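Chemist: Pasting in a structure now, in C-alpha cells, and then I'll have a few things to ask.
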C-alpha cells in the first residue's frame with residue numbers, strides 16, 4: 001500500500017498528526033481516513049468487476065457473431081440449441097421490460113365495476129322547504 005513511503009516518513013506523519021490534532025482527536029482522524037480509504041477501494045473494485053463483466057459479455061457477443069459468420073449450418077444440434085439459448089438470454093438481458101404483443105392487448109387486472117345505485121332527487125321538495 002505504501003510503496004514509496006518508508007518507515008521514517010510514516011513516523012514523521014504520525015508525529016505531525018499528534019502535534020496538530022492532539023492525542024484525543026488523532027485516533028478518530030485515523031479511523032475516518034481508513035474508512036475513506038476502504039470506501040474508495042470498495043468503489044474501485046466494484047467498477048473493476050463491472051468492467052470485467054461487460055468485457056466478458058462483449059467477448060461472448062463477438063464469439064457468437066464470429067460463429068454466425070462462419071456458418072451455422074455445419075453445427076451439431078446440441079451446439080445449435082445452446083446458441084439459440086444464448087441468443088434468447090442476450091435478448092432478455094438487453095430488453096428485460098419489453099412486453100409481448102399478447103400482454104398489451106389483454107389487461108392483467110380488470111378495472112373495478114361501478115355499482116352505484118341511482119337515487120331520484122326531489123329538487124322541488126327541497127326548494128319548497130327552504131322557501132316556505
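Glycine residues also receive a Cβ, built from the backbone N, Cα and C atoms like all the rest.
Note that the structure is predicted; figures quoted are calculated from it, not measured.
Under the heading compositional bias 'Polar residues', Swiss-Prot lists 86-95, 116-132. The feature region 'Disordered' is assigned by Swiss-Prot to 86-132. Residues or ranges marked as transmembrane segment by Swiss-Prot: 2-22.
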Chemist: Quick test of the contact rule: Cβ under 8 Å, at least six residues beyond the ends. What residues does that give for the transmembrane segment (2-22)?
Modeler: 29-30
Chemist: What does DSSP give as the helix, strand and coil breakdown of the compositional bias 'Polar residues' (86-95)?
Modeler: 9 helix, 0 strand, 1 coil
